[in-house]
Amino acid sequence: MGFSETRAYSAWGAWSTWLTICLALANLLPVTAKSAADYFVDSLPGQPEGPLVKMHAGHIEINPETSGNFFFWHFANSHIADKPRTIVWLNGGPGCSSEDGALMEIGPYRVTDDHMLNRTDGSWDEFANLLFVDQPVGTGFSYVSTGAYVSELDEMTSQFVTFMEKWFELFPHYEKDDLYFAGESYAGQYIPYIARAILDRNKKESVQAQNRQWNLKGLLIGNGWISPRHQYLSYLPYAYREGIIQGGTDASLRVEATISKCMKKLNVEDTTGTIHIADCEDILQTIVDETHKGNRCINMYDIRLTDAYSACGMNWPPDLKNIEPYLRYKNVTEALHINSDKQTGWTECSGAVGGNFRALKSKPSVELLPRLLEEGLPILLFSGQKDLICNHMGTEDMIKDMKWSGGTGFELSPGVWAPRQDWTFEGDSAGFYQQARNLTYVLFYNASHMVPFDYPRRTRDMLDKFIGVDITDIGGNPADSRIGGEKGPTTSVGGHPNSTTAAEREKEKMKSAAWKAYYKSGEVALIVVAIAAIIWGVFIWRSRRQKLRNSSHEYRGIYPMLGSSSSGSLPRFSNKRGRSADDVEAADFDETELDERLSRAVSSRSSREHEPYAIGEEDGSDREGEGSDERRGLVDKS
């Protein structure tokens, strides 16, 4: 092996050693976390013509010890009003998927019989971003290790706050939006607990120091399971009013017997343990059983309908038969970034989640509402008139007994209650409004347990009023909505407003957030690059030093133009005093020798000053042409 080959082999050996060290150090660094781009949904099977609503979907880990992951589906707003808003929607159960809300209630699309998607007229994404979350763990597309299900409301709340913190890390440009929580049924327990946790979180010094408070602006709960005591005791009065059960009959006596058992249980229970009481659950079941005729029974979610016994409403709404197969298609789950290794198929409601979530140690959320209202948080409760399971009479009785801000129920002053104001929408009698001291109640006539399923346009009008959207300065076709005969703020349901100024503000906000995200995501890469640069620098320094020790060629590091043999360069330094080579960096020669050699080289160059300068010379025409090629290449790549 020759000297040059030995030197090359030595250099490669050194380089490979340092490369191995660099890779080992890189492996010690944490794996780069997912970015928002990893959750982007660029298309959906069956999507309608035209641009798809901007959306992101996928899993976020909230408990690594139990493999607990929440699934979310986020839809960006279609237009911006005066400011950006985000609405988090939760379905109930417990254990029922929020994809019900996304595809049957307030989301931008609904699934047709042939599994196509149709745009919903009156969807809530017109002026607000929508975030649907499958929770607790194990619900819908969310997953968790077997046996690690949540059983109490404080556990659920803690996991949900963790999810929100991680979600805002992925999507920081939404963190300062006005934030609302909405949902129905058992979400009447979830939402007040989450709201309480957010308000408490905002008071922490660590959160305030980082300016990471969340702008919680209001809650909307439809047909909510908020006060179990009031709901249990409202079943028979509601059944009497709606003609489901006739008073003085054997059927009514059987129902009254179950109520007596429930009352005994309620009278011995303390504040906690009253969210789920088996003896009280029997009241609803007895009423439903009394409607059993042939193979049919009443639909407990919409008393205008019947269902096969013993489903009695579990097969409703009719869109469910389209949604379940659609959400199980492989190309749909792939588009939504579902982890196929952990989630085998979408189910509307999980028996395992519901069976474990008994909240036996949790107090009912009705006890949280007064303080939330007193702290200035607006709350809107709405009910569908034809729902039995979470009927409006139970909600109204709860409000009547609730005390907050120095009054009881909707008292304006002692003995004076806020009036019920008739609500008409597009010429039809839609229901009534009642409001006092931060609480609003809306009853929807002829509506079921899932009011947005029946009336998407009316619920959108209700939403826009509650969150303060006024299209007067935005544009769009106003909806004819009147409360107590007054039009109030102008809303636009299903219109196409123009909001250029607000859109520009949102664009700038997202641009700023994007830069912050880039800086954050680049931290790990920057560390790796810095380590690699240091190692590479050390390697180059050592290689050059070794080269100077072993090279038989002249040193060109001080005056490069004197090192060209073609133009009278310095003669190579010869071995002296037993040295194999002169080490310039180590000053392995005396100054007199260097002066003599430089003097001879300069004299030699002076005698040939008439020769053309050739060191590093480039042909200008070739350089210009090369630049042109590079520019053409850039154009091609773009």
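Cβ coordinates are placed from backbone N, Cα and C, and glycine is handled just like the others.
The active site feature in Swiss-Prot is assigned to Ser185, Asp387, His449; the stated evidence is similarity to another entry. Swiss-Prot lists 489-502 with the feature compositional bias 'Polar residues'. According to Swiss-Prot, the compositional bias 'Acidic residues' annotation covers 583-594. Residues annotated as compositional bias 'Basic and acidic residues' in Swiss-Prot: 622-638. The N-linked glycosylation site feature in Swiss-Prot is assigned to Asn118, Asn331, Asn438, Asn446, Asn498. Look at Swiss-Prot and you will find 477-507, 567-638 tagged as region 'Disordered'. According to Swiss-Prot, the signal peptide annotation covers 1-33, on the basis of sequence analysis. The feature topological domain 'Lumenal' is assigned by Swiss-Prot to 34-520, with sequence analysis given as support. For 542-638, the entry in Swiss-Prot reads topological domain 'Cytoplasmic'. For 521-541, the entry in Swiss-Prot reads transmembrane segment, with the evidence type sequence analysis.
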What is the pLDDT of the topological domain 'Lumenal' (34-520) when averaged and given as a whole number? 92
Look up Asn118 (N-linked glycosylation site) in the DSSP assignment and report helix, strand or coil. strand
Which ones are near His449 (active site): of the recorded positions Ser185, Asp387, Asn438, which have a Cα within 10 Å? Ser185, Asp387
Please work out the number of neighbouring Cβ atoms within 10 Å of the Cβ of Asn438 (N-linked glycosylation site), leaving out its own Cβ. 17
Give the distance between the Cα atoms of Ser185 (active site) and Asn331 (N-linked glycosylation site), rounded to the nearest whole Å. 31
Checking the recorded positions Asn118, Asn331, Asp387, which are within 10 Å of Asn446 (N-linked glycosylation site) at the Cα level? Asp387
Using all protein chains shown, find which of the recorded positions Asn118, Ser185, Asn331, Asn446 scores highest when you count other CB atoms within 10 A of its CB. Ser185
Rounded to a whole number, how many Å is the Cα of Asn438 (N-linked glycosylation site) away from the Cα of Asp387 (active site)? 25
For Asp387 (active site), which residues of its chain lie six or more apart in sequence with Cβ-Cβ distance below 8 Å? Asn223, Tyr301, Asp302, Ile303, Ala447, Ser448, His449
May I ask you to report the DSSP-based helix, strand or coil state of Asn331 (N-linked glycosylation site)? helix
Please report the Cα separation of Asn118 (N-linked glycosylation site) and Asn331 (N-linked glycosylation site) in Å, rounded to an integer. 18
